[in-house]
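**Student:** Dropping a structure here in C-alpha cells format, bear with me for questions.
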Amino acid sequence: MSILHVTILTVFPEMFPGTLGYSLAGQALHNNIWSYDIINIRDFGLTKHKNVDDKAYGGGDGLIMRPDVLGNVIEYALSLNHNTKIYYPSPRGSVFTQSFAKEMLKNKNIIFLCGRYEGIDERVIAEYNVKEISVGDYILSGGEIPTLTILDCLIRLLPGVLINQNTLSSESFEKDGEFQGGLECDLYTRPKIWHGRAVPSILLSGNRKLINNWRKEQSRMITKLRRPELLKDL
C-alpha cells in the first residue's frame, strides 16, 4: 500500500501523470510510494453533451462549473476514500509553501479538484469544506498544472523518494534545516575555473567550519536581497 494516495478530479485526465511520470516522482510511482486515481468530471456531466458548466448568476464573463455536477463527482470520490482532504487550486487560496506541504502530508489520502473556466460554484467549497490553495499571484488556465506542481513538492518529501533524505535539510525554506527557512546558498561544481570565473577559494579549503559559516552567511545575504520577508522567521 502506498504512503500517499491522490485522487484527481479533472476534465483533462490525459494530463496526468504528466511530468510526475518521470525522474524521482516517476520512480516513486513505479515503486508504489505514492499512487493516484483519475476521475473524469465529464463522466458526471449533464445531457448528451456532458456539460459541466453554466453561466454565472449576477453576470460577468466566463462560465462556472456546476455544483450538482461537482457534488456528484466528489461524493463518488469520497465513497472510494472516506478519510481524505479536498484541495482546490485557486488564486484566492492560501499560498502554498514548504511548511504547507508538510501539513498536507498529515493526510495520506488527498483529493485535488481541478477547476476550469471561470471557477467553481462557491457552494461546493462550503459543502465539502474544500481548502483553496494558490501557487502564486498569477492566473493559469486550470487547476491541473498547479496540482502537478504541488504533487511534485509533496512526493519528494515522502520517505524513500530521495536517495539521500538528508539533502532536504540543506534546501531553501526548510525551517529546521541548515538555512533555517532562508534561501539556499550559491552552488559550485567542477571545473574550478570556467569562463574566467573561479570557485570561491573557501570552498576548496577543506575547512568544514569555515565552509559552513560561509554557506550560512551567503544564505542570509541572498535571502535579505531577494526574499527579505523570510528573515522575520530567522
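Heads up, the Cβ atoms here are built off N, Cα and C, so glycines get one too.
Sequence annotations record features per position, and here Swiss-Prot assigns S-adenosyl-L-methionine binding site to Gly115, Val135, Gly136, Asp137, Tyr138, Ile139, Leu140.
Describe each of these features in terms of where it is and what it packs against.
**Tutor:** Long-range Cβ proximity for Tyr138 (S-adenosyl-L-methionine binding site), meaning a same-chain Cβ under 8 A and a gap of 6 or more residues, is found for Pro91.
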**Student:** With every protein chain in view, how many other Cβ atoms are within 10 Å of the Cβ of Gly115 (S-adenosyl-L-methionine binding site)?
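**Tutor:** Here the count is 24.
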**Student:** Please work out which residue of Val135, Ile139, Leu140 has the most C-beta neighbours within 10 angstroms of its C-beta, and give that one of the binding-site residues.
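**Tutor:** Per the Cβ count, the most surrounded site is Val135.
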**Student:** Near Gly136 (S-adenosyl-L-methionine binding site), which residues of its chain come within a Cβ-Cβ distance under 8 Å, counting only those 6 or more away in sequence?
**Tutor:** Val95
**Student:** What does DSSP say about Tyr138 (S-adenosyl-L-methionine binding site): helix, strand or coil?
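**Tutor:** It is coil.
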